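Database features (TrEMBL):
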- 58-250: domain 'Succinylglutamate desuccinylase/Aspartoacylase catalytic' (DOMAIN)
- His68, Glu71, His161: Zn(2+) binding site (BINDING)
- Glu225: active site (ACT_SITE)
- 264-338: domain 'AstE/AspA barrel-sandwich hybrid' (DOMAIN)
Amino acid sequence: MLPAQTLFDGHGDWLAHTLTLGGQSCPELPLALAAGGQLQRLDTGLLHYQPDHDATDAPALILSAGIHGNETAPIELLNDLVDDIVNGRLQPAIPLLLILGNPPAIIAAERFTDHNLNRLFCGAWQAYPDCYETRRAAQLEAVCRAFRKQHQGPLRHYDLHTAIRPSRREKFALYPFVEDRQPPDPELAFLTEAGIGTLLLQHGHGTTFSSFTAEQLDAESFTLELGKVHPFGQNDLSRIAGLESALTRVIRNEPAPRVTGDQPPEIFEVVHEILNTGDHFRFHIADDVANFTEYPPGSLIWEDDTTGYRVGPEPEAIVFPNPRVPVGHRVGLMVRRKP
Ligand SMILES: O=C(O)CCC(=O)N[C@@H](CCC(=O)O)C(=O)O
Ligand SMILES: [Zn+2]
């Protein structure tokens, strides 16, 4: 067995190893890479890369995918990056925490098994009955906190997803809400470099993974939506090649390219969050409507027997319409371009 293969117990690559174990744990295992640095298996789907040089105050990066099990393109992208690191084609210059979020859901090819993992962060997992996802949210929080403790320089977190619906803006980023914080210019430049032309600013405290790292670990965090959900093997990774090359540059700690005249991302803000209000909730958005479809002023978006929502005086667009969520959960966001 090649030395790098010991990390994956002979199962081929990181993804194959993760899918073999699913919800089972595996022991920690450090591996000194031939090209330098140490890649440590922390547990199933969790890797920590530590460069040989002192990196206490260096920039550090958390990269996660598969928080939703059926969002396979980002899982393939992250696994490819790990493969490049393991095989010496990509030598990281910064500390990395690499995460495949929900292995049992990846095996099941489902968004989640018992509970939507991306609603369980910032301690929200404590409010639900024990299941794999509540335990995984607690573990991911602990692993990220430990990584933060070891690396006290600037921290970035990109949580990679794909969307259920098609989108009029194929790739977009979400910036979690943190009081008095705006996305800094280098992060806007990174999104442009990665071919992500739209940024949606969240409007309030969330319990997503990126909200957790932004709020509690002082990271510059983004949820990146990278196209539409497809099964493994049916993704066209050339559509996210811009992100792969931008991430490779960040991992090598190379300087950002000089401004090329590309437009910065167009910024949107949330004007209304649609929540499932229960049995009498009626949603007036059809199942085949794409993200960022615009509705004219006055359009009725949802109602129940006591209240509802109509578009305000300017057109608004819908993002993430999905009425099949538990009561109290998000059914969609109404957004508009930030003035
Ligand atoms: O397409 C959809 O409806 C959901 C795609 C997805 O998983 N999006 C994330 C966004 C997280 C955020 O708001 O930052 C999610 O819903 O968890
Ligand atoms: Zn997702």
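Cβ from N, Cα, C; glycine included.
Taking the Cα atom of each, His68 (Zn(2+) binding site) and Glu225 (active site) are about 12 angstrom apart. Of the chain residues outside the Zn(2+) site list His68, Glu71, His161, Ala65, Gly66, Ile67, Gly69, Asn70, Pro74, Arg111, Asn118, Leu160, Thr162, Ala163, Val229 have their Cβ within 8 Å of the site's Cβ mean position.
Averaged across the domain 'Succinylglutamate desuccinylase/Aspartoacylase catalytic' (58-250), pLDDT for the predicted model comes to 97. Sequence-distant contacts of Glu71 (Zn(2+) binding site), defined as residues of its own chain at least six apart whose C-beta falls under 8 angstroms from its C-beta, comprise Ala65, Arg111, Leu160, His161, Thr162, Val229. Here the domain 'AstE/AspA barrel-sandwich hybrid' (264-338) is broken down by DSSP into helix, strand and coil counts: 0 helix, 35 strand, 40 coil. Mapped onto three states, the DSSP output places His161 (Zn(2+) binding site) in strand.
Residues near Glu225 (active site) in space but far in sequence (CB under 8 A, at least 6 apart, same chain), listed by position: His161, Thr162, Ala163, Ser167, Lys171, Phe172, Ala173, Leu174, Asn291.
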